[in-house]
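Features reported for this protein in TrEMBL:
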COMPBIAS  B:12-30  compositional bias 'Polar residues'
COMPBIAS  B:31-47  compositional bias 'Basic and acidic residues'
COMPBIAS  B:50-59  compositional bias 'Polar residues'
REGION    B:1-65  region 'Disordered'
REGION    B:306-377  region 'Disordered'
TRANSMEM  B:82-100  transmembrane segment
TRANSMEM  B:133-154  transmembrane segment
TRANSMEM  B:161-183  transmembrane segment
TRANSMEM  B:195-213  transmembrane segment
TRANSMEM  B:225-241  transmembrane segment
TRANSMEM  B:247-263  transmembrane segment
TRANSMEM  B:408-428  transmembrane segment
TRANSMEM  B:434-453  transmembrane segment
Amino acid sequence: MTLAVFFGCTFIAFGPALGLFLFTIARDPLRIIILIAGAFFWLVSLLLSSLIWFIAVKASDPQDEPLQKGLLIFGVMFSVLLQEAFRFLYYKLLRKAIEGLVALSEDGCSPISIQQMAYVAGVGFGLMSGAFSMINLLADSLGPGTVGIHGDSQLYFLTSAFMTMVLIFLHTFWGIIFFHGCEHRCWWEIAAVVIMHLTVSGSTFCNPLYVGSLVPSYLVMATAAAWAYMLSGGSARNLRRFLLCLQSGASPQLGS
Amino acid sequence: MTELSAHLPQFQHGQLTENFPDNHLSNTNDSFERRRHDNSERRRNDNPDSETNGQPQNIQQVVEQDEEEDEELTLKYGAKHVIMLFVPVTLCMVVVVATIKSVSFYTRKDGQLIYTPFTEETETVGQRALNSILNAAIMISVIIVMTILLVVLYKYRCYKVIHGWLIISSLLLLFFFSFIYLGEVFKTYNVAMDYITVALMIWNFGVVGMICIHWKGPLRLQQAYLIMISALMALVFIKYLPEWTAWLILAVISVYDLVAVLCPKGPLRMLVETAQERNETLFPALIYSSTMIWLVNMAEEDPEAQQKAAKNATYDKQAPANQTRNEDAEADDGGFSQEWQQQRDNRIGPIESTPESRAAVQALPSNSQTSEDPEERGVKLGLGDFIFYSVLVGKASATASGDWNTTLACFVAILIGLCLTLLLLAIFKKALPALPISITFGLVFYFATDNLVQPFMDQLAFHQFYI
């Protein structure tokens, strides 16, 4: 416990997101606002889904363990659907914002594109989701205690941190894919995002059998990453050129 | 921040006050000249309501040009200004939350203020509710009385009284409250300290603070001091207000803010109008300004020209010009100091005890923005706003069972409320209260997160499910 675990888990969970924030978002005030608004939308979706779950729990028998667990699973699924619904609402809001920015600008160009907004919105959702999952754990890890002393898994903090990290990444990629789907009316992309989210959340029902939740989540993340990269204009060729440039320091001799 | 300052030359325009020539001196950019020019023009054209002597925490103002070509600039600009306010508000909240979490003194119950005489340790819930309503009613009445007193003092030009009031309150904050804070921090971390060192530290801290806030000083230092005294004030409120009373007071203050700023006969509005009639400045000392703090000169050409000339000279960085400028500023200071004092007094009011000081602080107008120049617009937010935002987040972190989740939710809610308020400001271009939207969001999210989200997240964490 204590400081080593605290710092380790913090940086595992939030390190990449912090890097993304510092290098791509922190310099542009508009992006920071979009980030915070994205976090707010996620929060509202969580609030509504908690309300539904709370009502369901209050209306049911608190002694019935399987029922409570079933209600919790229902709560999770409902929350996932609500999060995606709020992602759609946020897309609508950002679309209007872009129209406003374009209307106000001198040269008819918006200072920020919908793809950038999609990325920032995804990071906003991810950061808030990760923060809400992880922060109380981190605060507890600072204090005294032994993990898993009652027979639970001893890897609780570590796996939570890794799960949080993968969720933040996933939200980022899902944001890009989702907005792209909304932009180009590819409903199957939107459906794919919803299904991926349900899959990842569903896989966590295997916990503490972590191989059942972490491995699929990372696989889904790799898929979503590749897909988002493709949708953002990337390709295998671009990737190769990027890597070659990096290695050789000279422009590659590949045709485009 | 470098980026911001790079853009700032084009976008910053604070209200200018002669009392702080060094403030903007230290933030000098050549573009400030341009800005100032633009600002004064803007101010004359666009800001009939730019000065609000209303409750400091609540009035924000952005004046923009109406031309369309500037609107994109305005919006982008608006984004910068939102961030310019996000950063200090966040810093103040971070300081308050960090203190609450580490120093147990501020969560320990050591009695109540005389303005909240009814205890909340009652037998029945109904009695507790009644007591807290009475407490809130007394507190709000005190605040209303203070505000009206300030308006009256201002109207009858009792500048000396107001000035003395402000000086006493800032003295109390900078010396006494920070001494207590320092003592408690030392106790928490078991640091051995002698009185001589403490005396030296507090003396330096306080004197530099008085100079920075009331006279001249580097902008960043002034901003830092304003954030620190807001945090100190918020901590005092968090300590001495019992729970239900605190939430009730927050709610009622937001409503009062709304009424006082927007109603034609509201005290804050009257204060603003009086200030405008007299072409006097608002209160620079108790407004947080993201750019240099200048006294707003409503419609006077000459003083502005003087200022401009002086400032131009300053920015030219010529020593004699600087001297001249400073002298002008000094000469003007004599004339402005009263108004300035008024503002400060209106802002702070007598601070013999916390509620009074709070009332005083509250009574001070909070200006958000008087941006005349599209290129130079600073953002202003009253210190009372800082204080109440921090009280909300601090109380959330002190008493919530959801702990960090609730704190985070309130934090995001307040920032979004601030963002929306600034957006409304950009649309309506007049003084607006900054408390209502943020506090409403904050309260809603506090109670919702604490009662609904926290059990849900608890269960999820217990089973290690992820949503």
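Counting starts with 1 at the first residue shown.
Just so you know, glycine gets a Cβ as well, placed from its N, Cα and C.
If you look at the transmembrane segment (B:434-453) against the transmembrane segment (B:161-183), you find fewer than three C-beta pairs under 8 angstroms, all six or more positions apart, and that falls short of contact.
Scored by C-beta pairs under 8 angstroms, the transmembrane segment (B:82-100) has its highest count with B:225-241, from the stretches B:133-154, B:161-183, B:225-241, B:247-263.
Remote same-chain partners of the transmembrane segment (B:225-241), defined as residues 6 or more beyond its termini with a Cβ less than 8 Å from a stretch Cβ, comprise 88, 91-92, 95-96, 99-100, 105-108, 110-113, 116, 170, 173-174, 177-178, 181, 208-209, 212-213, 217, 249, 286, 288, 354, 357-358, 361, 383, 386-388, 390-391, 394-395, 398.
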